[in-house]
């Protein structure tokens, strides 16, 4: 048995014999009152509880740990492997069986509970805690190590363990909640199985109606969502591409400003853009007023509906496309373009035959991101929707509205999922099996080709209005916090900031502003979840692209599924799934961190896959033949070359955590309130000034945070020659302000 | 660090399948310790897959692979004492030359100083002293190749693998580098498996050559064996130039066959063939222009004659078809249409089984 397996066993025993098995109420790391009665009682360890007869169903799990421990001294890899696989599998099965069979009184699976020694429907146990977590982790790793001992994945423990952990996490925090909510699609309000009701809901006219074509009514909510998502996807991709090309391939002035401007919308909570658009273009908006006074153009409500939502979404999501595409444009080896030019191709021919096809995977990814973001967006349709309903808002109102119809929400989620999965399938078809490796092991040399003039003009033409509108919007947001009431009373004031962020120095340092609590909570949780998201996302991308194992396509499908679940659905499903044992974590900060991680993981996966597909596989192989194991290869070769992807993943998950609304609005509690939920509350209460002031504080803070991350990770060293001053590109600007 | 020294490599009935495609089909061979063995063949013949199976980058679907007598069939690349020089060199673009070369000992945990020393020694060996702090992109193709070799050598592996190491170099450099590789292999007493599709390169560097065709081994032997005694038409044609002619074996006695090549009758080693139809492979330099006219020569007329400095390329029209002849030394040019008689040299004329 290898040392690392011994360590895993030690973890298992820690979790089983020492650390409290359940998650008791009132647990904290500073006061230990909740530990009363240890090792028995609510905070008891599994070993004590099992032996004392309180929870006899935990005993077999311990027996399996003993079985694994008996292998300590043995060195025959194959037979130790077989026993570890057996013990791990049986342990996991028993663990989950008891977890789901024995929950609250009268719930769970009574027959299975009796079989495990639980004594029928009366037995109950609380939510699993840290002891249980360590034990299940240890059992899983024992299984994975056993598989590696048997030669699975070329005997690489790191690979099998990573796969195991990611499969478990995705299973617990993606599949289990989704199954929970889809289950409620198939039952009626009373909880009985009702497939007829399901089909009736699924094909109802409110979802698929074509009223806007045939008659003068509204179209079905599915069509609305689809049209909006396609428009948003196409527009954001084009904008992002234009911007990436202009920044990297031309001598355009004001590049730094461009970078700053394109990043601003990402660090803005999405509904804030909607809000600013209303303040600008609404019936009493700034522009509407001007147009009315100067040209007598009547005020209208055009901003409420498809045009408004589209505008807000494009402003909000184009920077994401930009971040994806700038990495891809950077990764295109200049020597390929130089090759094309030496073959007699003019700039335009080079662009259309070499550069463009190489950009295709990035473009597909960017479109997919825009498409799915639009479908999942909840803030903007909420603020700007008017009569234009989309799936996400409809799901939200089905759950929290007067109807409280979980079945309806589940059916709508089903439709949404079909759309996003469809988008993914189309993308795969388009890309096919082409190879896009452009960073090879041979040191790249050459200078990037400047853009053809036509493309430069086109790109510039698209970008200028976007940039100016963005500038105006941020002006409104920044100024809005310093005036009494936007649109009516422009008297300067600091009142809004005082309410939210005053600090009282009279009694030491006391943060007595009303916003501080949610602000600190948000920062803490976002800072915890960003690195976790990046690690899990990039690790998944690495496994998917660089390792061959059976079930790889299933894993890919699973990560894609997590991508496809809109925040509203995820939030509701987490409430349903994690409000009762075996995993009872609603109301804690943990559930928010988990939500952030699994909401943002797909971004890490996507940027990781895009980055990895540009790194020649022979680099990995060279590292392997020099005796580096998978982990070392990942750490020393792949990760340094993946820095742009890492930056994107870190920035994006940090910022998304801070600006997330849709998923967390169900999950915040009094103790763990988040900035966005607080701001939405202010908007509902009509305190626009405070809402906008808080938003600008968030924006400034996130800009600073991004700057720090950027500094910490640094730029990718590709060893390319820096272009001579004459050849258009001056020294590369730091990526993001 | 205990040096393991060179080790032998043995393949026992090894096959590699990807789905329904068989890349390597039931292959057996042994590479002796301290020898340089070339896997030679046209692209797609399975030679690179074979090399990657030695490295452990592909795990064989069937059969056994032994390195130094130890079964490594299921062992991962990181667990085998084998290094590889990649066709693309696969230098880590974000590391300097020194960091690239020191990568092996560094990830093995040998400590920065030791790793640096080992890397410096091997860099000096390949003549790259003074380039330690450059990045791969700042080196020429030949220099990058040397870094790749140094990096593979640093751990002093039991087996060193080369995957078409010269394919990215220009011709002059190719000749020099292949000599350097051979010298290095002999001086350091390394076991080397070398993949190439260039028969001249293979002949120049190898102790033994394994010729592969269609996922199988077509012939294995020393360069001289393969050139002078090809086992079949594929090998005869692939290694060097050969005139392949349909012939008839008239009789066999004491291992000598009497062979009818057109109107001529020639005694040749029978190579266990029986009387009947066969083929003969004749090297162009083994056809001699003869003055004598008897039953052992083949009459013909000159079709083409080209002057190439140190030799003449001649095409002769004969009763068995056009034959390609090379005349070394400084003979006179021959007139087109002139009658000639071709006799057969003692070596370079080989009977092979009919296709």
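The backbone N, Cα and C atoms fix where each Cβ goes, and this holds for glycine too.
Keep in mind that TrEMBL annotations are predicted by a computer and have not been checked by a curator.
TrEMBL lists transmembrane segment at one of the ranges A:525-545, A:609-629, A:630-650, namely A:525-545. Checking the ranges A:191-213, A:260-282 against TrEMBL, the transmembrane segment annotation falls on A:260-282.
Ranges compared are A:457-483, A:484-510, and TrEMBL records transmembrane segment for A:457-483. Nonlocal intrachain contacts for the transmembrane segment (A:43-68), taken as residues 6+ away from its ends with a CB within less than 8 angstroms of a stretch CB, comprise 9, 12-13, 15-22, 24, 27, 34-37, 83-84, 86-88, 90-91, 94-95, 98, 102, 113, 116-118, 125, 131-132, 135, 138-139, 142. If one looks beyond the transmembrane segment (A:157-179) by at least 6 residues along the same chain, the residues whose Cβ comes under 8 Å of a Cβ in the stretch are 2, 4-5, 136-137, 140-141, 143-145, 147-148, 536, 539-540, 543, 547, 549, 555, 558-559, 561-562, 565, 569-570, 573-574, 576-578, 583, 594, 597-598, 629-631.
The transmembrane segment (A:302-328) makes contact with the transmembrane segment (A:457-483): 3 or more of their CB pairs lie within 8 A, with pairs spaced 6 or more apart in sequence.
The transmembrane segment (A:583-601) makes contact with the transmembrane segment (A:525-545), as judged by at least three Cβ pairs under 8 Å among residues 6 or more apart in sequence.
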